[in-house]
Amino acid sequence: MESNGGDASQILGEIESLKAERKDIDDRILALEAQLREISITNGTVKSDASSPSVLKAASHPNHQLSPDAIYRYSRHLLLPSFGVQGQSNLLNSSVLVVGAGGLGSPALLYLAACGVGHVGIVDHDVVELNNMHRQIIHTEAYIGLPKVESAAHACRLINSTVKIVAYKEALHTSNALEIFSKYDVIIDATDNVPSRYMISDCCVVLGKPLVSGAALGLEGQLTVYNYKGGPCYRCLFPSPPPTTACQRCSDSGVLGVVPGVIGTLQALEAIKIASGIGEPLFARMLLFDAFSGSIRMVKIRGKSLRCEACGEKSAFTPAYFQEFDYEKFTNSPLSAAPPKLNLLPPDSRISCKEYNEKVLGNEPHVLIDVRPAHHFNIVSLPNSLSMPLSGLETRSPEISAALNEAQPQEGGGSSSGAHLYVVCRRGNDSQRAVRLLHNMGFPAAKDIVGGLESWAREVDPNFPAY
Amino acid sequence: MKLTIEFGGGLELLCNSVKVHNVKVDPQDGEEKLTMKGLLSWVCKNLIKERPEMFMKGDTVRPGVLVLVNDCDWELSGQLETPLEEKDVVVFISTLHGG
């Protein structure tokens, strides 16, 4: 019995291994058949093999070159009477470049890859961070710390392996923009800063490329198509750059994740319309999206300006002029959305995080004012700090004096300059503005904590939450 | 005359975060009929509560602000000379750069 049992298990094992082998072989046959189909399609005709059973071949259509797989994959596009074979064929033969793989670029890229744009390019020099994930939906947690272009390219390939994806892991500059842009039919501006927006628009003007421009911040979004069919370019609409103080960043002002999602998706739509030649692209009009009130407003904007410095009659913009143009100087802001680092105060009005920590540990009598907006203070704050947002600080003198009196050591002597006054903010810029203001308000000893809570988290308390 | 004035793209922060203002405005500064020029000076005096330099530069809006009269760029209707009518909707919107 025992030997029989042994035989049986041996036989079962052999059956299992043969089945596994058969599955491997079946898989290989399927893969080879798929490969053969691709080859037959590109060669135009299927060479009839004598050994293969004769079947009635689907007539290869003279008007398009969609493979059977493409017909099936894009069938819902092909079924659209207004889009159909022509729209899809145009799309498959087109190329679209997305500059920025962030909040706008994420949904745009997903749709462009899925819908069968033949060649998709991605430019980004950034890495994926945890605080990107709520809106930059193309990235997954596994890619935190890795380049956004690699993450985005991988996600696109998983969705549609038949699309050519090219990843440019570099920042866009005047030195590489012309060469990269020249390889694409349509450009999508999914960046997050003013100089990049001027640079991308000018480059599109120089090369004659349509530009699908989107922007989102807070609960609002904007969308339009520039440099297309006699419509305006970015400079026609905005000949002079805005003051730097008017340029809010998502990292300062916040953004509801789905808002760039909506605008980025609409950018994909406009690119698809231009690339397929179907529909009425949104040029000389602008879409204004207000997520708070749920309103979408379509407004008419000016046409191309004859006096425009980029696309007007007397434009100096040649490829050479473009390559020499200093966009950071022109807009007075950096090409990355990195926050500025101000240095407004003399060293004796400043104190490092480590020094402040020593004073706290040494029980030095002091008052700590946190000048961030109240909703920032609600996220996280240092113990015993007083919330006094910078915007209303000039009216808070009585409270500050009272707090200093209370903090002052009470033993006999009672020197009037007992307690110190420190100011903290998120990154150490507003705290310097606040200290300048406090000096004028009659608190000449006020000092700012260099680098703010970001430095505190880096240098003193790694467990202090960053945001 | 009755007008609706709206602020967007962050400009509402200059008017206590109120986006939509239903207002009554008469012709300004000796104008016979209210124009955008008169309205801009009225808005500065009556609606803008802080940092006026974030709204105006010289006698017009600062760079980066789009002005729409009845959903149409004021460049197409005569900019400062645009005449205003009863129940017109004027939108001031700051261009966004985030993404």
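Residue positions begin at 1 at the first shown residue.
Just so it is clear, glycine is given a Cβ too, placed from its N, Cα and C backbone atoms.
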Which listed span TrEMBL calls coiled coil, if the choices are A:8-35, A:288-315, A:316-343, A:428-455: A:8-35
Which of A:Met133, A:Cys233, A:Cys311, A:Cys425, all recorded positions, has a Cβ with the fewest other Cβ atoms inside 10 Å: A:Met133
Of A:Gly103, A:Arg135, A:Cys236, A:Cys250, A:Cys425, chain B-adjacent recorded positions (C-beta under 8 angstroms): A:Gly103, A:Cys250
Sparsest Cβ surroundings (other CB atoms within 10 Å) among the recorded positions A:Cys236, A:Cys250, A:Cys308: A:Cys308
Around the Cβ of A:Asn131 (ATP binding site), the count of other Cβ atoms that are within 10 Å: 11
Nearest of the recorded positions (A:Met133, A:Asp192, A:Cys250) to A:Cys233 (Zn(2+) binding site) - Cα to Cα: A:Asp192
From recorded positions A:Cys236, A:Cys250, A:Cys308, A:Cys311, A:Cys425, the one whose Cα lies nearest A:Gly103 (ATP binding site): A:Cys250
